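S.K.: Here you go, one structure.
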Amino acid sequence: MGSMDGRSEHEFEDESLVSPMELTKMTNGLTGIHHGSFSAVEQQKSIDNINTSLLRSLKVILFTSKINILMPCGPLAVVIHHLTEDQGWVFFLSLLGIIPLAERLGFATEQLALFTGPTVGGLLNATFGNATEMIISVHALKGGMIRVVQQSLLGSILSNMLLVLGCAFFCGGIVFMKKDQVFDKAAAVVNSGLLLMAVMGLLFPAVLHYTHSEVHYGKSELALSRFSSCIMLVAYAFYLVFQLKGHNESYERVNEEGGQNEGGTDDEEVPEISKWEAIIWLAILTGWISVLSDYLVDAIQGASAAWNIPIAFISVILLPIVGNAAEHASAIMFAMKDKLDISLGVAIGSSTQISMFGIPFCVVVGWILGRPMDLNFQLFETASLFITVLVVAFMLQEGTSNYFKGLMLVLCYLIVAASFFVHVDPSPVQDKKP
């Protein structure tokens, strides 16, 4: 028998002479190879998961909203600024480029709020709800364009109260033509009271200035504005506690009714992106809005001269429409689903947020930056706000809405827009020096 299975007797003798220690080393080496290949597979799987998650997040943020078709306008504005310095086109393209960013910022905020409790979610919405307007205002404030800051914030309030709410009432009334839509009158009354408080805060510095009754001319008005701003911020903080802690039953009821109307699909909304993806996108979108806002603010005066349009009209009408584009769409959508309380929360709640938080916040920021930002919005602007608050308060006092009320609010906004188109600001944009 010369060989067994093709192997000689000497080979078997050689294998039998292998020591147990060497066998142990050989076994450990084979095990290490298996573990190494296993960890490599796991690493490859984790990389694939990260790539898949990244692609899904990019798809959700960049390609799910039709308004994102305007996103290339932002980079195009930057290119035109550096190549031609045509301020009119830079302003127009920056304006268009900010619209989808503002909408996506609101979406990312809502996604992040799904991972938090109602209190933190409410604070997130309060913080990022009007982030676009606040970013534009801070950039204008740093440039000393105090009147642009005042008029853009005022315009945002007017736009939300008249145009956004009016379109929501009108579209909801057209869909539900045969009945009056009902909303929570108590919440509307609270918001109306806060808006009247904001009007009071803006009215007294203006009256003090125009009656020349200041104790220290030029100083008392600014000191009163800063004191009133601190009071308004305190009031808004207590308002948030009031809404989020003690009186949120109406919002819960609205959500329950909405879930029943939609067949239970709205009871639990599933997040489309993860928590950390939402945080990263919030940072990216806020940074890009900040960059475009810088170009937008720098081009305002050039665009006004190129288009022969008053700066007051650009600040009060055009800028707020950009910041309120997402709110405008969502308010109309909820009204057409007969969820009018949510539409009111979007429109009137946003106006309350700007008047009781946004404006006082800019006064405090101006105080820190050494800019004399005050609450004297001039008589024309203050009167416009006062009349608007009164009109909307009368519209809300019954707790019902229809398409005719919405039409009246939209027509009132057209009157306000025409008034600012023919209005000449009595003081230059940069008349106030620190």
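Keep in mind that glycine also has a Cβ here, set from the backbone N, Cα and C atoms.
I grabbed these lines from TrEMBL:
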DOMAIN    89-244  domain 'Sodium/calcium exchanger membrane region'
TRANSMEM  153-176  transmembrane segment
TRANSMEM  188-211  transmembrane segment
TRANSMEM  223-242  transmembrane segment
TRANSMEM  278-297  transmembrane segment
DOMAIN    278-420  domain 'Sodium/calcium exchanger membrane region'
TRANSMEM  303-323  transmembrane segment
TRANSMEM  344-369  transmembrane segment
TRANSMEM  375-396  transmembrane segment
TRANSMEM  403-424  transmembrane segment
S.K.: Report, as numbers and ranges, every residue of the chain located at least six residues beyond the transmembrane segment (223-242) whose Cβ falls under 8 Å of a Cβ in that stretch; write 'none' if there are none.
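M.R.: Contacts of the transmembrane segment (223-242) (Cβ under 8 Å, skipping residues fewer than 6 from its ends): 122-123, 126, 190, 194, 197-198, 201, 204-205, 208, 352-353, 356-357, 359-361, 363-364, 367, 373-376.
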S.K.: DSSP-wise, what's the residue breakdown of the domain 'Sodium/calcium exchanger membrane region' (278-420) into helix, strand and coil?
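M.R.: Taking the domain 'Sodium/calcium exchanger membrane region' (278-420) as a whole: 121 helix, 2 strand, 20 coil.
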S.K.: Using Cβ atoms and a strict cutoff of less than 8 Å, what residues sit near the transmembrane segment (153-176) while being 6 or more residues removed from its termini?
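M.R.: Tertiary neighbours of the transmembrane segment (153-176) are 130, 133, 137, 195, 315-317, 319-321, 323-324, 327-328, 331-332, 334-336, 338, 340, 343-344, 346-348, 350-351, 354-355, 358-359, 362, 377, 381, 384-385, 388-389, 391-392, 401-410, 412-413, 416.
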